[in-house]
Amino acid sequence: SIGVYPMLPTIQTAWFTKCDLDAPGCEPNYEEAQKWAGIFDSIQNLCAFCVAPQLGRLSDAIGRKPLILLSSFFVWLPVLALWMTNTNSPSVYYSTIVFCGVFGTSKATGYATWNAYIADISTTENRSLYFGYLGAMLGISMVMTPLLNLINGSLGSDTEFLKVMVLIGILNTLYVLLVIPESLSAARRNNFTMKKIKPQEMFKLLKRSQILAWTSLVMLLGVTPEMGVAEIALIYVNDVYSLKSEDAKRFNATYFAILGGAILFTQLIVVKIFDVCKVRYSSTIAISQMANAVHMLVYASLHFVPLWAVYLNTIPTCFVFLSAIGVNSLITDRMGKGEYGFAMGCLSAVSGISGVIGPLMFSQLFAALGKRGEPYVPFLIGSAMALCGFFVTILPVRRIELSPKRLVMFSHSGIYSRIEGDFESDESEYE
């Protein structure tokens, strides 16, 4: 999916432009393309929000591997749709986007079961490092984008390139099926029946656990603008610097490669430094939120800076990805293994909400304000939201992290019956 991502802005813009994008005098319809992309991404994430906690609960009962196998298939289904329609059918592509959301696979929620898997196989001492390794894989895939872009150019058509990407997706699914072992032993699994599918359980969990509620708010404030900006940033860059389709693909691929290298550095080196220096999880989250605010300010000022500033903006952007490490480590550090799936599912549901609000809100703002000559305003709004997330992190989240360590999660299986003191209970049995 990372290999295809650099070409998506051009493909989507072509769907809503009534002329050849490279033809003299052709005016690309960036606003319309972004509006519909945002709408369907929001629908996908809404579907994922509805099912993510239940899929997480299901993984606590049947194991992680079946759900990982399912997501490994659906993650490349939209690529298959682009290939089979020769990139000429937005209806088929957007239908697969929504279909993936129904099965809990979206840009906002796709890592939920993997996060539970990492929590299963790690300890408190090395968990943040393991989450960093998972994030580093994303960086490696981004670094490969220029190579993939060269392959695209040598193949002579997007259709042939998409065929290669579909093959990679098939191989990845086979790898999960044949190589990846199950991480959750039968002894640690919870009972699961269809009667236990209660969407309201997630809201009960957020109500009863202060740490999860506050970190969810931080995620909402940080991920919402990030998901929204991700939908408009590349199209905005193409518009500001008047990049033609081939130049846009080349820029997008180069940008992802630089960002991937920066992510590799933060996930492997910076996370290790934080671990050695005993940096608190809340501090990691706070650094991420501040970086989020800064990188959006850079996008807001594109009309005043040269193109190389966009490449330089990968420095704060790569630190944004540290937020997931801090949040996941903070939550899983305080709960039992049999609950990881449900908790990660709930966090993914929060990301799903952000994935609904972000693309829809920011794409519509971008389309409306772009016509008024103010396309930078959504980035200013996003920066302000991330800054609010920073203050929430350094105040209530830090306070709760420094409080005495107790169980913070109620158990849907009944294994745990107390929560971190959010309501009155007999805590003596845990002393």
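Each Cβ is built from the backbone N, Cα and C atoms, and glycine gets one as well.
Copied over from TrEMBL:
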{"type": "DOMAIN", "residues": "1-401", "note": "domain 'Major facilitator superfamily (MFS) profile'"}
{"type": "TRANSMEM", "residues": "67-86", "note": "transmembrane segment"}
{"type": "TRANSMEM", "residues": "92-117", "note": "transmembrane segment"}
{"type": "TRANSMEM", "residues": "129-149", "note": "transmembrane segment"}
{"type": "TRANSMEM", "residues": "161-180", "note": "transmembrane segment"}
{"type": "TRANSMEM", "residues": "211-235", "note": "transmembrane segment"}
{"type": "TRANSMEM", "residues": "255-274", "note": "transmembrane segment"}
{"type": "TRANSMEM", "residues": "281-302", "note": "transmembrane segment"}
{"type": "TRANSMEM", "residues": "308-330", "note": "transmembrane segment"}
{"type": "TRANSMEM", "residues": "342-370", "note": "transmembrane segment"}
{"type": "TRANSMEM", "residues": "376-397", "note": "transmembrane segment"}
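Taking every listed stretch (67-86, 161-180, 308-330) in turn, the largest tally of C-beta pairs under 8 A with the transmembrane segment (211-235) is reached by 308-330.
When Cβ-Cβ distances below 8 Å are used as the criterion, the transmembrane segment (161-180) is approached by residues 3-4, 7, 65, 68-69, 72-73, 75-76, 79-80, 82-83, 87, 148, 151-152, 155 of the same chain, each at least six residues removed from its ends. Looking only at the domain 'Major facilitator superfamily (MFS) profile' (1-401), the predicted model's pLDDT averages out at 83. Sequence-distant contacts of the transmembrane segment (67-86), counting only residues of its own chain at least 6 positions beyond either end whose CB sits under 8 Å from a CB of the stretch, comprise 1, 4, 11, 55, 58-59, 92-93, 95-97, 99-100, 103-105, 110, 113-114, 117, 158-159, 162-163, 165-166, 168-170, 172-173, 176-177, 180. Beyond the ends of the transmembrane segment (255-274), by six or more residues, the same chain brings 2, 5-6, 128-129, 131-133, 135-136, 138-146, 234, 284, 310-311, 314-315, 317-319, 321-322, 325 to within a C-beta distance below 8 angstroms of the stretch. Same-chain residues lying 6 or more positions outside the transmembrane segment (376-397) and placing a CB less than 8 Å from one of its CB atoms are 210-211, 214-215, 217-219, 221-222, 224-226, 228-229, 232, 282, 285-286, 289-290, 292-294, 296-297, 299-303, 330, 362, 365-366, 369.
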